[in-house]
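What TrEMBL lists as compositional bias 'Basic and acidic residues' is 1-14. The feature region 'Disordered' is assigned by TrEMBL to 1-27. Per TrEMBL, transmembrane segment is recorded for 130-151, 166-188, 209-230, 269-288, 295-316, 358-376, 396-418, 438-456, 487-506, 512-531, 552-584. Annotation comment: TrEMBL describes 135-599 as domain 'Amino acid permease/ SLC12A'. What TrEMBL records for 644-765, 776-976 is domain 'SLC12A transporter C-terminal'.
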Amino acid sequence: MENGDSRRSTDRNLQRNSSGSKYGPVVAQDRAVLEMASLDTAPSTPSKKMKVNVARSLSARMRDGSVSNHAYGHGSRRESKLELFGFDSLVNILGLKNMTSEQGQGPLSPKDGNDVSINLGQPQTNDLKLGIMMGVFVPCLQNILGIIYYIRFTWIVGMGGISESVMLVSFCGLCTFLTAISLSAIATNGAMKGGGPYYLIGRALGPEVGVSIGLCFFLGTAVAGAMYVLGAVETFLGAMPSAGIFSETITKVNGTTVDPIIAPSIHDLQIYGILVTIVLCFIVFGGVKMINRVAPAFLIPVLLSIFCIFVGVFSARKDYPKPGITGLSFRTFGENWSADYQNTNNAGIPEPDGDVSWSYSALVGLFFPAVTGIMAGSNRSAMLKDTQRSIPIGTLAATLATTGLYLISVLCFGALATREKLLTDRYLTATIAWPSPAIIYIGIILSTLGAALQSLTGAPRLLAAIANDDILPVLNYFKVADGCEPYIATLFTALICICCVLIGNLDLITPAITMFFLLCYGGVNLSCFLLDLLDAPSWRPRWKFHHWSLSLLGAFLCMVIMLLISLPCTIVSLALASLIYYYVCLKGKAGDWGDGFKSAYFQLALRSLRSLGADQVHPKNWYPIPLIFCRPWGKLPENVPCHPKLADFANCMKKKGRGMSIFVSILDGEYHDRAEDAKIATKQLGTYIEYKRCEGVAEIVVAPSMSAGFQGIVQTMGLGNLKPNIVVMRYPEIWRRENLTEIPATFVGIINDCIVANKAVVIIKGLDEWPNEYQRQYGTIDLYWIVRDGGLMLLLSQLLLTKESFESCKIQVVCIAEEDDDAEGLKADVKKFLYDLRMQAEVIVISMKSWEAQNDGGAQDESLEAFTAVQRRITTYLTEMKEEAKREGRGNQLMADGKPVFINEHQVEKFLYTTLKLNSTILTYSRMAAVVLVSLPPPPAQHPGYLYMEYMDLLVENVPRLLMVRGYRRDVVTLFT
């Protein structure tokens, strides 16, 4: 049975491969055809392979006695029953059950061709699964409560006063709170992989935006590590001034002598900062498991130190332990209520001639890093027991808790000490701490070192996650395998951290961190705004407390904060993100993540389609939508889906590239037999369109014959007013050379179908010689305007002039007058018409009298030779038809193409002679033309297709490049504004 099945499958494949077009191959004489033949247009990636591991589960079930031989005996019958319900096998059903547990183990890259393994046994559980507290709340709290609170917050209260400090905390806290809401919505809309906010933004806004913002967030995280290192070193040198090598002593503040203030030198910060960074780098190389075990322990000293600070605040007395501390006092509260912005030196000490000036916007840049860190929980998504529950609750709880702590601290610090003490004592929190300042110093150092470790651990993994998505080839050096440490990314992060440490000034680093984090927060808010506004069917977040207006407000606040901090820094950061975005678009690989922009494009297309309506488009808004018939006559080389010059011509029908083309090809056969061939051909045609840089879509239709396929295409292709309005195809020059007798009937049938469907027609003769965008043409574009076509021929000539290849040409309009007396009037009318249409062209009027009054006087010898050959062939054809009618006993009833025809030989002669005169005129006046456009005559009723092809062959004889144009029942140009 198996051999028989395989033999039948092979036979079906052979039949499918053998089915194809009935026409013979085209001789590929054009160099462009040969170039396209070397282009690999095979499908880019094979379909996904599914590896199904069933041995372990089946053996376990057999040991349990749950699988019997009877089940195996009826396996084929059971499988066939499942197939009746639309399932291929039992494995597919079980695979659906395990889909949710396997999604998190999929490949990081969104490319096809990856093997997906479905395990049917017991699901593997991770040993380390964290909940809300240790998985999200503690990391967020540890990252938010940092160096800014300990050694900069009291200074901020002194400089901005209680009023503006409260406003500052509320403003920044509102921004992070709204971002946390957006983060909660996106994080609960599906499983998360590594990369934290980069993963969320990239999957929502696309790989280009995700990579650009992700790299900026990586830089912000790396620079934040330098900030934490400098904070730890500055605290250490403040606690132990004797350890400083280049310490500075300040004795005067604003001209007043004060107790000596020992300020750490920038050189001390640089030396100790580099050493600490190197030590932390070695710890990070020790492995992330050790860091995850130690990191929660760093929070205990932080909470203890905060407790000691508040105990010291409530137990402080006036002038104890040092002057300037008044204890909680309403008088001090009133004195510190308003802001008092002063100039300071680089150490933050007030000086009248200080180099640094401060304002509210500068305080925003200094304080905002104190509210960052809300992404710490999402960065640990792989370690969480329930991401869709832990991330929203933990992140929002940490945000509200820290914001409340900051607000209470503003009120307490503002009522505790004088403004001079707030501005000069950087370590006021340690000064007032109970029972000893050493607790605060230890808490500061441990918290900052812990946060620095988190930065040096998270930033490399963020960079590795971006690299593993394989979007940007330049990041391939930072790729890591699953379960491996990102050593190269860690070294690169440490190098960035050391470079920032060499700056040595904490106040100069924090604004840069603010910009990068605000870019990331703005990206998260925009992602949620876009997804929530579009409300696609896949947008079903479990976190219900969100709205697109809140996300939009959060993104607006992020931009406002960036502008408040520094306009130049905002421009630089946005320019950096834009450069990365442009570089990703230029050099990056395509990744289809189902991002929100694709949904936005879809919604916009639907709205635009509905707004167009079903009415006819006004001539002012008319755009050509060509339907490119790729290979209606003959075959190109095997892997060339379309003639290379058809895309060049399609681009010539667009002004500045605006417009859409639909490339169509027809496969002969039955749909069920050739469905897979159609899919492969669609991919090949799509590759061709991208290679030729032509905006268009590829469509492959399977039909029993070309005529049936085209009738289906011309009726159904497109939507509303986006249906194609021009059918473009090459002239079948091969029909006589290859003796393809079925082409005339098919060709005439296609033209008649276009007329019935009210489609314009453009037929290209000499397609092999059509110029590409780099081949400049000279001479004229000649229009033989014989039939009123709504201005389509004029419009096509103007579109040709917009292309570089034809921009050096001029337009000539050749009109045919029936009598000599009509020539001058016709010429004046045409000139006036062209002037009103804003078209510059030279007008030539030719008088062509009736054929009875003409002999062979003006005809070219070459036209006469072709005319004689056509007459001879038509006479032979008619004689054979009459003899066949007599043999079959039909009398005078002639048959052609399976239909009765009525041939008036006198009318045939008239058609031939008119065509001869037109061909002779074209050869006389347009011998040097770059391209000739002529009205396409409709096929005469009840004439055989063979006769029409003879007329057309005589018309195009010896004309190297000709466009035969037929308009449709409407105007495509207008005289009015």
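Cβ from N, Cα, C; glycine included.
TrEMBL: automatically predicted annotations, no manual curation.
Counting Cβ pairs under 8 Å to the transmembrane segment (358-376), the top-ranked stretch among 166-188, 209-230, 295-316, 487-506, 512-531 is 166-188. At the 8 Å Cβ threshold, with sequence separation of at least 6, the transmembrane segment (166-188) comes into contact with the transmembrane segment (512-531) through 3 or more pairs. Same-chain residues lying 6 or more positions outside the transmembrane segment (438-456) and placing a CB less than 8 Å from one of its CB atoms are 139, 142-143, 145-147, 150-151, 221-222, 224-225, 228-229, 231-232, 235-236, 238-239, 276, 280-281, 283-284, 291, 294-295, 298-299, 301-302, 304-306, 308-309, 373, 376, 427, 429-430, 490, 493-494, 497. Residue counts for the domain 'SLC12A transporter C-terminal' (644-765) under DSSP, split into helix (H, G, I), strand (E, B) and coil, are 62 helix, 29 strand, 31 coil. Contacts between the transmembrane segment (487-506) and the transmembrane segment (209-230): present, as 3 or more C-beta pairs lie under 8 angstroms, all at sequence separation of six or more.
Counting Cβ pairs under 8 Å to the transmembrane segment (130-151), the top-ranked stretch among 209-230, 269-288, 396-418, 512-531 is 396-418. With respect to Cβ pairs under 8 Å, the transmembrane segment (396-418) is most closely packed against 295-316, considering the stretches 209-230, 269-288, 295-316, 512-531.
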